[in-house]
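S.K.: Handing you a structure now.
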């Protein structure tokens, strides 16, 4: 009575409306359960927008209350479940918007001072409401059926008025009598509604979802009352046991209450049987796990042993293939090891047959992989052998070609040497024939060593003698190297004196465009070249000694004319200066040619060109 007074005072002080007061009374923190009339009244008021917001605001506060006010949470879930089933559609929408709040309550826990968990009933209600909200088809069917039932109830009775008048109960005025009659009439109508509802529920089949939901709610309320009664009795026994005698303390204490996973109280035997079943299932699961681990380990060992055998077989096959690669014959593959025949049950659904099938499949797969690996290795080896054979053939062919080239080169060199030995060196003309013919007399004069130079010198004082003395001087062109021979001279005038160039057999040199580098022939005297009719060729052996003074006299008379003609030819000096110099390889080649000519007995021309000047 005191709690109701305090609650009424709070309602007046905080200015709660009639709807909010009704929600607070339905979710009060006491052992009473909300009545069906109160829940139906809240469901009717949920169709009004103002009352709907007031109801949901108060329920939201109750659902988020502290753990010690667990009754607020449990009764709020009961009211909310009834509104979802019998209230307006806005109640369903609000629950879906605040779905996380209801889902969180599935883990609600609160233990009292004695260690008892008070959150069991809250968890059960929250799970039931969450499953109902998730199943839209079931929710739609329940709401449609409840709507038809509510309309039938409204047609059966008129709705009473909610006019409330404040009057003194001890007043004997007519208004008090009217209120009393109205209250009696309302109680009678409520009793009739309850009776009619019980009759309707009795007519429902046990499989009706609405009937099952209502029955579940009534069971939960009854269980909640029983739990509360048990807790009260436990507290009383604990308080009495503290003041009992030692003999009474030795008596066995009351056994604790046991509950199943749904929060329903069960006996100790049922609880022990449930625990035994759980332990047995856990032991069976653990045994199955151990069996699976052993099977996996055995399978791994078998696979490892098979891999070792396959590796050994592959090594032996590789050796055989290497030895038979040259013969190019296909070798037989090593036979597989004989597997033990399985024995046991013929049941196709037994675990042994399934494991055996798995092992056979794995073994067949491993054999296919090994066969593919062997084929790939054989192909690679054949390719390598083909490459080696091709490389060896290419090397052999290259060696044969090189040997043939060397043999051909040796034959060519031998033929060239034989050809050079068979054919003597031919005289080549390197000068200008017209110039040589024009100045043949001067060339002959200089070659014989008689006469004087342009400066009037005679004998060894002649300028050409300093540059054309063979055997003692070598010019830049190589003239004079090993040109002195021991053959007898035909000139009788060179036996006692040395006037210019000695009469030696000189090898003709190919020195460019200088005159005098052509085969020397006795000059033909013409009236134009020699008006005196005297020949200036080399004196022959048949000439008489008494003719020498006349020859010298005639030569001295004609000397100025020859010197003048020689001075008028600057072109020959330029040609001589422009001649390229031979390098050492050319000199060596010339020396070899001279030696070959001397061995063959070839006598070169004794003429000397003007370029030697």
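Keep in mind that glycine also has a Cβ here, set from the backbone N, Cα and C atoms.
Copied straight from Swiss-Prot:
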DOMAIN    11-143  domain 'ENTH'
REGION    140-208  region 'Disordered'
MOD_RES   165  phosphothreonine
MOD_RES   167  phosphoserine
DOMAIN    175-194  domain 'UIM 1'
COMPBIAS  179-188  compositional bias 'Basic and acidic residues'
DOMAIN    206-225  domain 'UIM 2'
REGION    323-351  region 'Disordered'
COMPBIAS  340-350  compositional bias 'Polar residues'
REGION    356-375  region 'Disordered'
CROSSLNK  426  ubiquitin cross-link
MOD_RES   430  phosphothreonine
MOD_RES   434  phosphoserine
MOD_RES   450  phosphothreonine
MOD_RES   468  phosphothreonine
MOD_RES   470  phosphothreonine
COMPBIAS  471-512  compositional bias 'Polar residues'
REGION    471-613  region 'Disordered'
S.K.: In sequence order, which residues at least six apart in the same chain have a CB under 8 Å from the CB of residue 434 (phosphoserine)?
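M.R.: Within the chain, residue 434 (phosphoserine) has no Cβ neighbours under 8 Å at 6 or more residues' separation.
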S.K.: Residue counts in helix (H, G, I), strand (E, B) and coil for the region 'Disordered' (356-375), per DSSP?
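M.R.: Grouping H, G, I as helix and E, B as strand yields 20 helix, 0 strand, 0 coil.
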S.K.: By DSSP assignment, list the helix, strand and coil residue numbers for the domain 'ENTH' (11-143), in that order.
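M.R.: Output for the domain 'ENTH' (11-143) reads 99 helix, 2 strand, 32 coil.
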S.K.: Quick one: mean pLDDT on the domain 'ENTH' (11-143)?
M.R.: 89
